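Visitor: Sharing a structure here in structure tokens format.
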Amino acid sequence: MHSMDVSKRCSVIFLLACFCFLQQTHSESQSSPRYLQNIDIGSNASNNNNNNNERLQQILKGAGAGATQINWPTRSKQGIPDIKTELAKLNTTYIYQNAWPANNVKLGAVTAVSFDKAGNVVIFHRVDRIWGQDTFDNANQYREKYRGPIRESTVLALEPATGRVQYDWGKNFFYMPHGLTVDPEDNVWLTDVAMHQVFKFAPRGAGNKPLLTLGVAFQPGSGKKFCKPTSVAILDNGDFFVADGYCNARILKYTRSGELILSWGQNSFAGVSYDVAPQNYFAIPHALTLVPELELLCTADRENGRVQCFSSRNGTFHSQYHNQLIGDRLFSMAYTPASGGELVIVNGPSAELGIHPEHYNEVHGFVMSMRNRQLVSKFGPNNLEFQNPHDVAVTADGNEIYVAELNPMRIHKFLHKSMAKPMSLSATKEGKSIGGVPAETPAAGVDPSQTASTPTTHHPSGKAVLVASLMLIFSGSTFALALMMARRRKRGCLPFGARSRRHAWEKAEGFKLGGLLDRDRNGFEKLDQQASDEEQETSTLSSAAAPYA
């Protein structure tokens, strides 16, 4: 009996020793156990790898948040602030322009936004195409090539003040639009994830043929091929960068003529983001922006929830920017030199879909200082959340921000509250602007959250008060004049011998307002409740002028 107890104890000790050895071996085999470096998508080495590969494949196929539950890596036990409370403390410095763009601009899923040299807001949208879970197969081949290219214009340029279309192009060429950037020479660079290609077009798409094409149409790959490229950034000298995002997770630098200079980046996926992460590892480099003053190229490392910045000369790692209030997914960022250098960031909905409901997430735009890496403010439609923002652009002075959203299919405009002006009664439903600012814009300094939750109180402007006063004076004068004329008629003192015409006020008992109201109404025209022909024609023209569907 004693020998059996000893045998059992030895067995337990042996199992514990094996377990400790395996744990030590595992911890030494990875620099960070929460990041999967050099993932082989087709690997079946272990159950953990299979789970993460399944998640990664869903992302590569465009499922984004994933449709099935995945065994996510365990989040490290670090100090996590009360996200909801901390988000509520952030200021709102940008006011939503809800009357922009013009009503006749009809859009599909908007994937990218940039500015041309004239200052127009140039957007890339998918018209009638939707990227779903079945759009690509497991080899990243596009399954809907049989539909042909998108027939309508995929590139629209909107006037920044009114949102009216200035020009459009890109018909019968693209299959699944993704990235758009306008370079300093006004050339337009676009990526198509279905075609796995990068294109350079002349300004405003002149010629309807690309000046430069990289990649092989509908053939995903590596090396000189791309696999769902996401974004392009162009230096002043013409050299440019490509984020080969969804599959290869790398950044490439090319000469002006399209010759490859260098490439860096490896695929890694963790499922959650961390303040300290391996350098040069990406989980979908989704967007690019340049910081000219520091000679940096920054990329939105989407599924790692961070911005990584590199030397634009040699691609060496420089810095990264992450904040727990942004969360684990960061879709795009844009740089403005305003206030000493800021990154305007849009995050995305949590990828965990209720698997870890304790990981609170809000989808906003954020402004982050590059000097101290602190969040300066947040913004959203009427200070509410976005649903699925995809790209962001900001003017050089930092006064205007534009956000492209997949669903709802919108392009949003935000104006710095220092530029916003008070509303007046001259505002119209069509959102006519006053001094370049839509009339629906809340007054400067007003908390937009109050305008979203309570009815807006309209205060008449000085012009409106003046007009109303003049109308009252005119009405009073007219009434007094009519009364005086009535009395003169009764006395026979009216000139022109006009006493032959009789009126209600000529009754013997004198003028009474009731007599005027009780008389035969033959002299009154019935008020027409129908709109005038001019208004109807205007309405018809306005409904017909929607070619961008």
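Keep in mind that glycine also has a Cβ here, set from the backbone N, Cα and C atoms.
Not my notes, these are from TrEMBL:
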BINDING   Val113, Leu180, Asp391  Ca(2+) binding site
BINDING   Arg126, Tyr246, Arg302  protein binding site
BINDING   His178, His286, His390  Zn(2+) binding site
COMPBIAS  448-459  compositional bias 'Polar residues'
REGION    429-460  region 'Disordered'
REGION    524-549  region 'Disordered'
SIGNAL    1-27  signal peptide
TRANSMEM  464-486  transmembrane segment
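A description of the local structural setting of each listed feature is requested, covering burial, neighbours and distances.
Guide: Within 10 Å of the C-beta of Val113 (Ca(2+) binding site) we count 27 further C-beta atoms, all protein chains included.
Counting only residues at least six positions away in the same chain, the Cβ atoms of Thr230, Ser231, Ala243, Gly245, Thr299, Ala300, Asp301, Arg302, Leu330, Phe331, Ser332 sit under 8 Å from the Cβ of His286 (Zn(2+) binding site).
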Visitor: Hey, of Arg126, Leu180, Tyr246, which of those binding-site residues are within 10 Å of His390 (Zn(2+) binding site), Cα to Cα?
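Guide: So the list is empty; none.
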Visitor: Quick check for the class: what is the C-alpha distance, in angstrom and rounded, between Leu180 (Ca(2+) binding site) and Arg126 (protein binding site)?
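Guide: Between the Cα atoms of Leu180 (Ca(2+) binding site) and Arg126 (protein binding site), the distance comes to 12 Å.
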Visitor: Counting across all protein chains shown, how many other Cβ atoms sit within 10 Å of the Cβ of His390 (Zn(2+) binding site)?
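Guide: Around the Cβ of His390 (Zn(2+) binding site), 24 other Cβ atoms lie within 10 Å.
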Visitor: What is the interatomic distance between the Cα atoms of Tyr246 (protein binding site) and Asp391 (Ca(2+) binding site), given in whole Å?
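Guide: Tyr246 (protein binding site) and Asp391 (Ca(2+) binding site) have their Cα atoms 16 Å apart.
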Visitor: Distance between His178 (Zn(2+) binding site) and Arg126 (protein binding site) at the Cα atoms, whole Å?
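Guide: Cα-Cα distance, His178 (Zn(2+) binding site) to Arg126 (protein binding site): 8 Å.
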Visitor: May I ask for the distance between Arg126 (protein binding site) and Asp391 (Ca(2+) binding site), taken between their Cα atoms and rounded to an integer number of Å?
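Guide: Their Cα atoms are separated by 14 Å.
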Visitor: Can you name the residues of this chain that are 6 or more positions from Asp391 (Ca(2+) binding site) yet have a C-beta less than 8 Å from its C-beta?
Guide: Val110, Thr111, Ala112, Val113, Gly179, Ala287, Phe331, Ser332, Val346, Val403, Ala404
Visitor: CB neighbours of Leu180 (Ca(2+) binding site) within 10 A?
Guide: 26
